[in-house]
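Asker: Sharing a structure here in structure tokens format.
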Amino acid sequence: MCGIVGYVGGQSALDVVIAGLKRLEYRGYDSAGVAVLADGGLAAAKKAGKLVNLEKELVSRPLPAGSTGIGHTRWATHGGPTDANAHPHLDNAGRVAVVHNGIIENFAALRAELAERGHALRSETDTEVVAHLLAECHSATGDLAEAMRQVCRRLEGAFTLVAVDADEPDVVVGARRNSPLVVGVGEGEAFLASDVAAFIDHTRSAIELGQDQVVEVRRDAVTVTDFEGAPAEVRAYHVDWDASAAEKGGYDYFMLKEIAEQPRAVADTLLGRIDAAGSLTLDEIRIPATELREADKVVVVACGTAYHAGLIAKYAVEHWARIPCEVELASEFRYRDPILDHRTLVIAVSQSGETMDTLMALRHAREQGARVLAVCNTNGSTIPRESDAVLYTHAGPEVAVASTKAFLTQLVACYLLALYLAQVRGAKWGDEVRAVIRDLAGIAEEVERVLETMEPVRELARSLAAKNTVLFLGRHVGYPVALEGALKLKELAYMHAEGFAAGELKHGPIALIEPGVPVVVVVPSPRGRSLLHDKIVSNIQEIRARGALTIVIAEEGDESVVPYADHLVRVPATPVLLQPMVSTVPLQVFACELATARGNEVDQPRNLAKSVTVE
Ligand code: F6R
């Protein structure tokens, strides 16, 4: 949801900022813009559409060279994706420029107030008011950081702001409330960015900013205060991945690379969490065992793909740890007055750690006295910072907007958590826990095997490029997998795609089946819960009798589905609860290939942004 970069140092600010924006384009791609301080003044350029449009504009109308600058790539909220609404926004004198991520909720009142004082506002954005307010405060104080503090005290909503002022050519100032902002500290240079990926080519030393803080960066100094001006505590950290992790590495799309990285991501997420004896060691869960024993329910809150991981976690938590588990869309959670207290364990699942709905849900849970444990992929992000404990997934940076490797690692983390709860609460014996861990430890290899057999899935996807609808059916843990398969297809192929619990079919959705409609069916293992398996085999027959084109995902050796499958996708046999680890992968490949076949942009689907930092 908008990417922001700020730079001050010895290099060309424009080059550094543009390169940083390229790394942040996954956050939004409705427009892009830059501003540099040069020759005692400020020069800016901005353009609707992707960053490439701005780059073309800079070739035909170059900006003067300067070593302090800011940039922005936008996911539009207030005001359409036009040149005028693109950031940076400037004050009327053209001396102050500001970029913003978030929503300023009281902008209408501020706008009216500024208009009364004679300011001419030129865009429809909520952001522009900040440029004008900063200019007023700066002319009164002569200090951009102080001006930023004064302005922030007047703003309501969520915002990361980064600003420069032509009167302070060696300074970039940022502010953060609810939206992400990190500082990169280099040799004689400093960076501000929504995500470390923007400066990873230059430095791996980062500083995590807290809530309601203002930062002033110079070439050799970083000063952080709260909105009142009191010095603030910050956490410095080393980014533990390098620039190559944020590059395509020979793949056509980040999504393809990230799908291929799944075996490693799964293995990395298990690393260090299993001891030599094969037992679980989750030292990072700092919630005392007594509290985990006393917890009387688990509530998982998350959005989108992370929510689907949560739905699967429910099966594992209830089956292994024997504790009731609810799963809720974070965007709905706090509005329905959920029953929470100190005996509720809330698990907030988020790849980015910045999803506003999930953040608000966890804040609500903590206000009610619940303990919150984050499952997160982004070190230092807001959701783990505000949680009681965190279990990091080690997927590495996920750049493609559609989540793949983050999902599989979220599943691993949720399985580990469920087992840990089972261990602590005595719901499973040590050797039972170790047996599941052995299965989990073998899963990375099984994912690798699935990846090696995906060519027929790609071929099938290409053959369906002209279809309008694809339906997905599943039962038990296969149901959330069906939902995830449908979500991937919607967001990438822009097709009507829906996931159903197969048992619900006859209660309505079967009316959607007409000759030729492709239906993907995720078949549970015939072992263990064979009743479930047999029921879904009946469901396949029911839809096939009505003309559906059946695409059946079933484990190796399950021969009972063969007569009813127009297309059969084999996945390795796994324990029932772990099947989503292998059955999701063909659905990711299917959606990616269908999107390509339909000429869609795989990494940057329309209307979307990777990190949803507004509600
Ligand atoms: C879908 C997708 C989204 C995210 C959702 C939550 O492919 O990526 O549905 O899963 O926006 O994001 P995080 O996990 O960052 O909280």
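For all residues, glycine too, the Cβ spot is worked out from N, Cα and C.
Just so you know, TrEMBL annotations never went through curation; they're auto-generated.
Copying in the features that TrEMBL gives for the protein in this structure:
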- 2-220: domain 'Glutamine amidotransferase type-2' (DOMAIN)
- Cys2: active site, nucleophile (ACT_SITE)
- 288-427: domain 'SIS' (DOMAIN)
- 460-605: domain 'SIS' (DOMAIN)
- Lys610: active site, for Fru-6P isomerization activity (ACT_SITE)
Asker: Measuring Cα to Cα, how many Å separate the residue listed as 'active site, nucleophile' from the residue listed as 'active site, for Fru-6P isomerization activity'?
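Answerer: That comes out at 9 Å between the alpha carbons.
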Asker: Which residue counts does DSSP give the domain 'SIS' (288-427) for helix, strand and coil?
Answerer: 67 helix, 28 strand, 45 coil
Asker: Just to be sure I understand the packing, how many Cβ atoms besides its own are within 10 Å of the Cβ of the residue listed as 'active site, nucleophile'?
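Answerer: Counting Cβ neighbours of the residue listed as 'active site, nucleophile' within 10 Å gives 27.
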Asker: Give the sequence-ordered list of residues that share a chain with the residue listed as 'active site, for Fru-6P isomerization activity', lie 6 or more positions from it, and have CB atoms under 8 Å from its CB.
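Answerer: Set apart from the residue listed as 'active site, for Fru-6P isomerization activity' by at least 6 residues yet with Cβ under 8 Å, we have Tyr26, Arg27, Ser352, Glu398, Val399, Ala400, Val401.
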Asker: Where does the mean pLDDT land for the domain 'SIS' (460-605)?
Answerer: 95
